[in-house]
Amino acid sequence: MTPPIFIALDFTTEEEAIHFLDRNGLNGVPVKVGMQLFYREGPKLIERLKERDHSIFLDLKLHDIPNTVHQAMKNLARLEVDFVNVHAAGGRRMMEAARQGLEEVTNGHRPRLLAVTQLTSTDQDMLNQELLIDKPIDDVVKSYAKLAQKGGADGVVCSVYEAEQIKQIFEDDFLTVTPGIRLLGDENHDQKRVATPAIAKQKQADYLVIGRSITKVKNPKQAYNRAVKEWNHESSETIN
Ligand SMILES: O=c1ccn([C@@H]2O[C@H](COP(=O)(O)O)[C@@H](O)[C@H]2O)c(=O)[nH]1
């Protein structure tokens, strides 16, 4: 079975991204396409990745008034990717509009809708002092997750540290997708709520998103295999 690990293709051009996959023998692995690459290459890149049999998480994090998100989601749905997302902070009506947009243009196989709870680059201090949210971060994540479910999301983007609690609150099929993954010894960069693949597995995350720990290292294939091994319990590296 393909491991549920999305490699974040945070490259500037399609050629860089494809060359990275080819050079490292990562053909057909699940990939995440974010703003950096999509804003440059757009839908034709998605078509190319689909032809190459990649599952795709299109991570554009929509956050706007409900009508705009509704119309935008109709266009994204036509790309027939596996996952799309919005910021839960846009509110319940916006998420309902997103879901409705996805349903309006797909027959059966619609992309699954995720809602970002709190970015993994946010920590407790930033939440309190910059965003002026005076609550423990895991409570905020849980509360946004509840809102997301009411708004029709199929799951949330959260850190590994909230995944387990979310799994306890919701049915098993409400998904947790967790970025902020680092292999032991790697730099955290701008990420704050960080964990290894082994911890992610322990905390019952459904999917991992890994970027720089794979894409910016000397031997990406070896790093990917390390993540897969941890996920499969073949090695148990713990928290950074
Ligand atoms: O809360 C979030 C939501 C999305 N991301 C995205 O995931 C990758 C992580 O990249 P790394 O290099 O592994 O840090 C990146 O594309 C982000 O846009 C996130 O990190 N946190």
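Any Cβ shown, glycine's included, is placed from N, Cα and C.
Taken from TrEMBL, the feature domain 'Orotidine 5'-phosphate decarboxylase' covers 4-227. Here the domain 'Orotidine 5'-phosphate decarboxylase' (4-227) returns a mean pLDDT of 97 for the predicted model.
If you look up TrEMBL, you'll see Asp10, Lys32, 59-68, Thr120, Arg182, Gln191, 211-212 marked as substrate binding site. Of all Cβ atoms in the protein chains displayed, 25 besides its own lie within 10 Å of the Cβ of Asp59 (active site, for OMPdecase activity).
TrEMBL lists Asp59 (among others) with the feature active site, for OMPdecase activity. Annotation note: Asp59 (active site, for OMPdecase activity) sits in a strand segment as assigned by DSSP.
Neighbour count (other Cβ atoms within 10 Å of the Cβ, all protein chains): 16 for Lys61 (active site, for OMPdecase activity). Among the features that TrEMBL reports, active site, for OMPdecase activity is placed at Lys61 (among others).
Positions annotated as active site, proton donor by TrEMBL: Lys61.
Taken residue by residue with DSSP, Asp64 (active site, for OMPdecase activity) is part of neither helix nor strand, so it is coil. Sequence annotations record features per position, and here TrEMBL assigns active site, for OMPdecase activity to Asp64 (among others).
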Local Cβ density at Leu60 (substrate binding site) - other Cβ atoms counted within 10 Å: 16
